[in-house]
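Read the structure below first, then the notes.
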């Protein structure tokens, strides 16, 4: 629907200016100014992200010992991470070695839609994972009857449904806006605020968009934070040191991913009227577009004994 609306806006003359049909990314260095070095580094990171998350997903599917709600959610998170990074990093790689560094309006809208849809889906899934750990530690006797495979499937489907539906109205609205002036995006990917600043019309509704984003982020953050605070209080009351260590080890990875994901997202989308320099905007964007997905496979594999054993078993069987 929004692509039909987009086509209607193309070719329109707005205030005697020709409508813009593509955007230019100004944050990428030229090839002779370090672009090739960044390309090689980013390519290696992207390869690790895809390989690591794919390994986690396959191992969890094949190892019967990992067929538990916690690992089910981890496998879904890894699957989402693969597509989440694929919406932005391949285009970033192209921009690093290309002279054009451009993207069509349709491509920009697609990138925004899938990037934010998958990001919101991940945030909702992290909320479901926090609830799972809360029930497992705070109500262990009722855990098998509460967190059933059906509930896990429902929470996963609900997370994806929320992600792909919540962003759609904003994309439809942006697709109807005329773009006729500057076409430079001062960011490493298409995002709401940089694109809206290029529109040749009143975009005061951006305040409402910011409020919606803030409500989504804060809602998930509060649910997860309260769950883990309650979990930590319960763990601290466990009499034996071994019991405390075992209980905390099952949540440490989740807490690390939670802080990394929501910390970078909060810096990017809870700024309201605050403005950063192009350097800090780019640095924050790299944190949750590249760094967080890069660290997730490390956190979930190297800090998890069961996962490490399952990966070793899988690699040995392949040999």
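Just so it is clear, glycine is given a Cβ too, placed from its N, Cα and C backbone atoms.
Please treat TrEMBL annotations as automatic predictions, because they have not gone through curation.
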Annotated stretch (transmembrane segment, per TrEMBL) among the listed ranges 197-216, 217-236: 217-236
Among 12-35, 36-59, where does TrEMBL put the label transmembrane segment? 36-59
Report, as numbers and ranges, which residues of the same chain sit near the transmembrane segment (217-236): CB under 8 Å and 6 or more residues beyond its ends. 123-124, 126-127, 130-131, 133-134, 137-138, 244, 247-248, 251, 254-255, 258, 262, 265-266, 269-270
Cβ contacts under 8 Å made by the transmembrane segment (36-59) with residues that lie 6+ beyond its boundaries: 29, 66, 74-75, 78-79, 81-82, 85-86, 89-90, 92-93, 96-97, 290, 293-294, 296-298, 300-301, 307, 310-311, 314
